[in-house]
Each structure stands twice: as C-alpha cells, then as structure tokens.
Amino acid sequence: MASQKLVLALIRAARPTFRNQNDKIAFAVHSSFLASGYVLTATGPQALSDDAFSDPSNDEVSVDHWNELNDEYAFVYANPEKGSEKVLVKCLVMNDKLLVHALTQGSSEPLSLEIDVGDYAEEDGGSNYSQQFKNLDKLVKRIDGDILSKLDGSAKASSSSRSSETSDRTRQEIPDPVAGFGEPADPPTQIIFPSVPIGSGSDLVPGPAAGVFPSRGGHGIGGSMLVGPNDPRWFGGIGGDPAFPGGLPGVPPGARFDPYGPPGVPGFEPNKFARNPRRPGYDAHPDLQHFRRDADSDYI
C-alpha cells in the first residue's frame, strides 16, 4: 500500500521537471504505482504503441519522456510479485481535471479516477517538492482506494478463477463410477408371475386386474375362453409338442367358449363347432352333461 511519505520520497529521488500542475498530479500517480511494487516498463509514446502489452520484457526503464505528449500521459507497469500481467495507465487532461484510467492486460473494463487538479497541486513551489503539492496524503489514498487496491483484487480474483478452472478440468477428467464399481447399482426389479393352470383352466380362474401382475400369455399354455380350429386342444401335445401325445384333456366342467368365429373367415364355419345332440332321457343342458344326474347315471 502506497503512503504519502513513500510517494514523496520517490518524487524527490526522481527529481522530475514539472511544466504545469497537471504534470505534478500525473507524476504523483506514477509514484504511487512505484510505491505499491510496480515496475515501469514503458512510458510516453512507447507506452501507447501496439506492442506495449505484447512485449514479454518486464525490464525496468527510466522515466524519461514521460511528459512529452500534450495533455496526455501514459505508463505501462508490471508487478513481478503478482504475475506477469501488465497494466496500462493513461492520464488525460480535461479542463481543470485529470482523468486517470488503468487497464489490466486481458481485461476490457478499465478502472477510472477523476482528480480535481487544483485540490492537490500548488501553482508554484520552487525546488522543494513537498511545497508543490497539497493534500498529498488524501490524493495518495484516493489513488490507492480507487485503482491500486482494485487492481490487486482483480489479480487475486483472476488467480482464483484460473485455479477454479483447473479444478473443474480435473473433475471433468475423472470418470464417473461404473455400476458395480464403487457405489452399488440400483437393485433389479423383481417380477412375480402368478401360477397359470395348463389348458383352459384359466377360464375358471380369471386373471388379476390390469397392472397387478404381468401376463404370461403367448407361451402355448393357459389361454382364453375363445377356441378356434387351430387351438392346440385339437392336436397332439401342448402347442404341437409331441411330448404330450393325445392332445389336452377335454374342456373341464364350467369352462366357457364361443363356438362361433367371425363370419366369412375360412375354418370358422359353425358346422365345425357342432354341439352334440341332447341324449334321450336327459333333459339337462348339453354343456352340463359332464355332471351326473344321479348316482345310477351312465353319463360322464
């Protein structure tokens, strides 16, 4: 942090020649940067050249030619203790004010400070530099508060940002754990199939409501109440499997089926599903002939 005594000591050591009050304030700004640890790498017309920022050299130069420009001052600084980024400082004269702008290398937003020259520079002071300034302590504090401290803060924020970006890249390079390695994967979903009776018994035991249990249809077992000419009941085995010769047992008691198919479809003619005629002396419905009328009945 710059102080009044250190800034004044630097001005006395440089012994600059002031042409007017604007020179005094501009040189006080320059001395404040030096007091804060910055090194002057370019000044005057050289500081306004296109390669002032791109020049990799951080060698310190003399302050000669610092006030050669009319109503304008330019300085380029580097701070070895805070990285290799450079800072361009321009001071522009506007009426009775000196407008100070500081731009860090790689930044697009300059820091600005407006100084009323008459509040800090004496009109004359002879060869005694302490008498050529007034309120120098207040001026140094303004330069430090509005520019120098903010430059230090932006440098720390830039360093923190680079560290954060490096950390983010490191995290991105670490692959996420694969299921089975590290954290356990989600447990498999358990599917429970209800028992399905072989043949047409599923007509006697209706299935559960939708969404309660999965269906087991399509495996050649079970079945619905609709029986067609290609139903495995009419052929040997289950679904044509020769391991079950003779076909399935007949329709069990209480089973229901529709013997009539869609009209006009070959293989579904009504005569293919003809009902056995009612037996003499038995007045029960044909679908109920499986039950004995009495103990002496010969009907099955």
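From the backbone N, Cα and C atoms, a Cβ is placed for every residue, glycine too.
Per TrEMBL, the stretch carrying the note region 'Disordered' among 81-124, 257-300 is 257-300. In the predicted model, residues of the domain 'PI31 proteasome regulator N-terminal' (15-154) average a pLDDT of 91.
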